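Now, the feature entries from TrEMBL:
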type: TRANSMEM; residues: B:24-44; note: transmembrane segment
type: TRANSMEM; residues: B:50-71; note: transmembrane segment
type: TRANSMEM; residues: B:78-95; note: transmembrane segment
type: TRANSMEM; residues: B:101-122; note: transmembrane segment
type: TRANSMEM; residues: B:129-147; note: transmembrane segment
type: TRANSMEM; residues: B:167-188; note: transmembrane segment
type: TRANSMEM; residues: B:217-240; note: transmembrane segment
type: TRANSMEM; residues: B:246-267; note: transmembrane segment
type: TRANSMEM; residues: B:274-292; note: transmembrane segment
type: TRANSMEM; residues: B:298-316; note: transmembrane segment
Amino acid sequence: MALLEVNDVSKIFPGVRALDQVSFTLQPGQVHALVGENGAGKSTLIKVLTGVYQPDGGELRYQDAPAQFGTPMDAQQAGISTIYQEVNLVPLMSVAQNLFLGREPRTGLGLIDRKRMDREAREILTGYGVTTDVRRQLGTLALGAQQMVALARAVMVDAKVVIMDEPTSSLEPREVQTLFGVIRDLHARGIGIVYVSHRLDELYQICDTVTILRDGKLVHTGKLAALERIKLVSLMLGRDMAEVRREGATAFSGAATGDTDAPPVLRVRELNSRHKLHDVSFDVRPGEVVGLGGLLGAGRSETIKAIGGAYHLDSGDIQVDGKDLKKPTPVRAVEFGIAVQPEDRKAEGIVPGLSVRENIALAVLPRVSRFGFVSDSKVNEIVDRYIKRLRIKASSPDQAVGDLSGGNQQKVLLARLLATDPKVLLLDEPTRGIDVGAKAEVQSLIDELAAEGLGVVLVSSDAEELVEGSGRVVVLRDGVVVGTLTGNRVTTEDLMATIATEATREH
Amino acid sequence: MSTETVAARPLADAAKIKAWLPKYGVYAAIVLLVVYNIFFTPYFATWSNLRIQLIQVAPIVIVALGMALVIGTEGIDLSVGSVMALAAAFIPLYLGYGVVAAILVALLAGVAVGLINGILVARVGLQPIVATLALFVGGRGLAVVISEGKLVDIRNQDFLYLGSGDLLGIPVLVWIAALLVLVVGFVVRRTVFGRRLLAIGGNRPAAELAGLPVKRVLITVYVACAVLASIAGLLSVARIQSSDASSVGLLIELSAITAVVVGGTPLTGGKVRVLGTVAGALLMQLVIATMIKHNLQPSTTEMVQAVIILIAVYVARERKTR
Amino acid sequence: MTMGLASEPSAIVVEDVRKAERTDRIVGTIQRQGALAVLIVVVLIALATFPNFRSLDNAATILVAAAPPMLIALGMTFVIITGGIDLSVGSLYVLGGVLAAWASQYGILAAFLLPLAVCGAIGVANGLLVAYTRMAPFIVTLAALLGARGLMRAISSEGSNTYLVQNDAFRKLGNGSFLDIGYQVWLVAALVVIGMVVLTRSRFGSSVYAVGGSEDAASLMGVPVRRTKVWVYVLSGLLAGLAGAINAAKLGSGVTVLGTGMELDAIAAVVIGGTLLTGGAGTIAGTIAGVLLLGVIQNLINQVGNVNSNWQQVISGTFLALVVVAQTYLVRLRRVT
Amino acid sequence: KSEDDGATASNTPASAGAQVVQSADPEAATCTLEQFGGTKFDLKTAKVGFSQSEKEANPFRIAETKSIKDEAAEQGITNLTTTNANSQFNKQISDVEQMIDSGVQLLVIAPLNSDGWDSVFAKASAKKVPIITIDRKINADPCKDYLTFIGSDFAEQGKRAADEMAKAMGNKGKVAILLGAPGNNVTTLRTSGFKDQIAKVAPDIQVVFEQTGNFAREEGQKVTEQLLQSNPDINGIYGENDEMALGAITALKGAGKKAGDVKVVSIDGTKGAVQAIVDGWASAVIESNPRFGPLAFETATKFLNGEPVGQDIIIEDRQYGTDNAKTDISSAY
Ligand SMILES: Nc1ncnc2c1ncn2[C@@H]1O[C@H](COP(=O)(O)OP(=O)(O)OP(=O)(O)O)[C@@H](O)[C@H]1O
Ligand SMILES: Nc1ncnc2c1ncn2[C@@H]1O[C@H](COP(=O)(O)OP(=O)(O)OP(=O)(O)O)[C@@H](O)[C@H]1O
Ligand SMILES: [Mg+2]
Ligand SMILES: [Mg+2]
């Protein structure tokens, strides 16, 4: 008996066949991995399953009966809970309101019983390791905590199917473990789970079945354990196994330590920002990749933004190539050769409505123009160069960036940074939410750039990526530097140990 | 296979029209209205008529250009009418020092208002509609205070030439408007400022992080909008040959916003359609002209305008992006 | 539910979180009560300066005058919280008044039902267009502003025909009072309280915040986004029509020369009251303070007396800017610390 | 206010162009203090309120407010409060109510609208505050709801404009009307008075075109430009105020017409319009006199002294034509 089943569904968007006669079956108690490159159609399939999109062809069956969900609400009421890819909660509403939206406990008069709602929310969230005041605005929580709220919300109801679209992309190891605990529990209760992730380790840890999509088509479905990792990747990419085998876990060639004698290109001293950063200091040498490690909320993003002039600092010194960057603003930071790639690509990175060309040239306009008039030839020169160098896949430089896949959006963003000829690159989660192929490209690019003499600061929640990519890792906790890993201590184990040691805050 | 191509054909045509309408719908509407008028309105297809419509639409076009820039940054400027009033109030006061002096003072008034709006929006961080509401309310009052409530007849022929003169058979007013359309079109397409403006409208946090001088660009946009409005104000004065701060530019903000939006510039920013804006203003002008020429009552005119705005915007609305 | 693993957060995080929470709450309070604070200060100064301001009659006059704008701003608050805007309210207000005056010949019930029906219907049209065609609310309701005014002119011989209220009970409602406070103030107060309960304590209210906070998220979370949007415009239309009706009752006729700029006043009041034009946040208490603030300023300018009308405008504009700027800074001050 | 705007305001001495009351019909209704039911008070020390309807942004309103203030000073009235509704009717209502609350004993009101004064009357009658309405009449009971109305007869102005138009056009041709702001009883009466009278005295004159110019010069100009284009055979333009007529004249000039080709008649009597007669562009201007101060306070004084005052005090409006424009232009405002 299948719990949820689609047969030969198709979904066509203008210009794209996002799903092409895909079939998919979920059994009760199954933890079903759904994998594929960026743009393979995973999210689209999920949205078809849950009533966000209506399929252009094919049949949907739920509990062995034909089904049709007009809205996400219908699917929810039928017992299909979903955590969509982007954290889809309402940031301005309270945590409790988000948790209960649409199913608030009510008093006899039909009014929302706020006390009960808050109390229950507190109880539920404690179970997920979120101990914040539930009356707080959700948006003030870290992404990971928000994701846990979304998870709690999805699992709270009496669901028969729980669908998770990349739930771990913004979670920390600790939280991932919480999530896995929840999944095992659901599995034990016979609930069907669809699990989408680009992190292969996770899939092998908790999934029993796998369905692989490529370019909107079904390429494989079956037991996961029976599928070799390399085979899985080669199916996803549609490439030869041998080719895949050569490349390894990440595309980093080795820890970039730079020239140990050279003076630092970036020198950060005693950054302080209320509640967030306390005396954060570190150096980055030319050619060196310095990783920033720590749990979510450790202050890594704040550190990066503060150096880039986009986060308020109460005190602190920043030097680029020996020159003092006083009162940093984004404009001055760019002038000093600092380029920041923000964590949230959609909200703070790309300008979705503008073309690839305009996005890449955005930060260097003065350099490609005379008397305020933009020179098309100069722009094209730069744009062509970076499209080639970063292998950006776009139908043309005039395509709107919003229409590209996540990985390519990320590359466009990197191209914009590189076009400014930076001395220091500050990368916050550069590979978040992009597929294996694109990830590898970005990683090797980071290597290349470091080799060319740039100083790189890398933030990543992927411990493996952090350790393999960085020559040195500065570990933060609660806005304090709690340790620095160098040389052969740059390992996942040491990273975890440093994060876990009880810090004594000195100030 | 063959059945598929046959079936796909009309589909493709429908899709083509769907893609075409948002872009060219306004122009199509203008054509329709002109055709209707040629058949049903006496003396419509004449040069003198074209001339009048162009003269009348010119000030609205000029204001709408500035409005389009502001809307491109995801803003809005309600104070344009008040700026026109301020410009009008200053003209007679300084005409004694010469036409150039008077024009400069009027433009300076625009700069001042634009700076205030821009600073309120960019530095203080007020929402544009509220920031400009203050000057919408206070600006006209100030203009009337400055002019002491007097309506002043303008007799300076050099100045009046701007409003009623001809150059190569085309009204000076129309030349000026056309020139400004070209300049704004060029600025939007070809200059650093134009691209920054669109980026800010498209994603302000991203523009900030990319190191664009966001505040400066925003302030400049509001100044440009106000200066364009003050140009419209002084041209209006030259055209009606008198300065009346209490009535010039009344409610023009709504006409300008309508022109911009009907012309296909979304209120959500990140995109500016300069020619569309001109077409939008022209369409509304033609609607009003048609109503007047057929001697219809204001009630009818207003209801027809409402319907046309809705149709135009419905047709031109953005396809949902991801 | 006790699922998953509870992990003890470190003491430092807890402390930090607490601090952040306190800040959050203060920010929220100021944002909500900023207008109230300004209102209190202004009223205190006025009480000390103008003897006539102190009279109960004057207070009653301010309240009565604020009644229709309050209703309109109430509806506008809902609309703005969903991230929309309703420019048609000024026109609906006049239209409602004209319809109420005309219908009063058929009794007091008709005098209420007709404007509610017509303005509600225009609200439905606004809502449907905004919700189902993705046209910008600004432009949809701008068209409705024109259309409703056209309709009002069409039924009043281009505005030259003023219908007189024919029903004494209806007229009484406009001018009578209970405990020295006009009936309409009581009516508006009751509706405002209902509005507050609906906004903060009903599922519809939650939906309104959710839609404004993040439309996509709301729809994925199963909030009936479109239905919510339609309803807020209906609500706004109904309240504007009702405001027109009670004003007609007070004036004893369906005056046609009203309402221009009323939508902007309402927006200003709502924004002064701390509601974000971007949607997702706002309170009715703030809106009340905003409406009263505008009313009190008007009253004060009159108390000073003999202020040239043009200076009055300059003063109102400046004051508006000051209040909004002050509020913004208050909020920011808290956020930085 | 809108029915009259004008050219450059001037500092004409108050005496020039003072209002003159039409010789009243002896049968006409009057009102006394006793009838009204008020109590006598001393005007000089009394609290007096004046509510202006529109911004003092045009000659008519400027002259009107100034006349009230000047005359109050002249009479030694020290406690005069003025408010201005900025064309917002609800504001005028609450302005007046607020003045009543603050204890004014006499009200002079320039109403924005003729209807909608119920709540004000309810308040005023409770305190027996006499109300003098000037320039526009309120539809209510004189000597009960309000004391008296002082002002012009707008329908009569329209009629006289029609007479002048008929004369200027030689009783035949096509005429266009530039209407005032819609929904305004000044517009309504000036239109109906004009059309009725034209039908009566010159049935060969056709009114072929009626469009609003909202009492504004620019709109008068725009509408005229359109109308000249679509109706090239127009011989006469009736502007319901001087401003629109002046706009029309600018349009006529722009269309290459010569002075006198199209006859222009308007109402108000501003300097600019009278000058247009002198220049040959306009044929006649009917005056609407804004100098209400002296008459208003004279009426109030009489009333407080117990003498009867008329319930409708209609002033004599002069008119300007080719014969007297040059000589009388100094008394235009
Ligand atoms: N609303 C939409 N309109 C047009 N095209 C779309 C839309 N949503 C998705 N697509 C396209 O459909 C394809 C499949 O997208 P989908 O989001 O399902 O991929 P995915 O497998 O979830 O990728 P990722 O791993 O990046 O999340 C892509 O080419 C995408 O560009
Ligand atoms: N599990 C949690 N529960 C409640 N609050 C949390 C949790 N995790 C983080 N926070 C709060 O979120 C805030 C900062 O999160 P933010 O994402 O900005 O930190 P970050 O160090 O930049 O994260 P990252 O390292 O992932 O970039 C902190 O103030 C912290 O109190
Ligand atoms: Mg996806
Ligand atoms: Mg972060």
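Here the Cβ of each residue, glycine as well, is placed from N, Cα and C on the backbone.
Just so you know, TrEMBL annotations never went through curation; they're auto-generated.
Remember, it's a predicted structure, so these values are computed and weren't measured experimentally.
Contact check: the transmembrane segment (B:167-188) against the transmembrane segment (B:50-71) gives at least three Cβ pairs closer than 8 Å, residues 6 or more apart, which meets the contact criterion.
Of the Cβ pairs linking the transmembrane segment (B:101-122) with the transmembrane segment (B:50-71) and spaced 6 or more residues apart, fewer than 3 are under 8 Å, so the two regions do not touch.
Panel annotation: around the transmembrane segment (B:217-240), residues 55, 58-60, 62-63, 65-67, 69-70, 72-73, 75, 77, 79-81, 83-88, 91, 102-103, 106-107, 109-111, 113-115, 117-119, 121-123, 154, 159-164, 173, 176, 180, 184, 193, 196-197, 200, 248-249, 252 of the same chain, lying at least six beyond its termini, place a Cβ under 8 Å from a Cβ of the stretch. Long-range contacts of the transmembrane segment (B:129-147) within the same chain: residues 76-79, 81-83, 85-86, 88-90, 92-93, 113, 116-117, 120-121, 243-246, 253, each at least 6 residues beyond the stretch ends and with a Cβ under 8 Å from a Cβ of the stretch.
Within its own chain, the transmembrane segment (B:298-316) has Cβ neighbours under 8 Å at 21-23, 25-26, 29, 258, 261-264, 280, 283-284, 287-288, 291-292, counting only residues six or more beyond its boundaries. Here the transmembrane segment (B:24-44) has Cβ contacts under 8 Å with residues 262-264, 276, 279-280, 282-283, 286-287, 290, 293-294, 308, 311-312, 315-316 of the same chain, all six or more residues outside its ends.
Long-range contacts of the transmembrane segment (B:50-71) within the same chain: residues 77, 80, 84, 128, 171, 173-174, 176-177, 180-181, 184, 188, 197, 201, 221-222, 224-229, 231-232, 235-236, 239, 249, 252-253, 255-257, 259-261, 263, 265-267, 269, 272-274, 277-278, 280-282, 284-286, 289, each at least 6 residues beyond the stretch ends and with a Cβ under 8 Å from a Cβ of the stretch.
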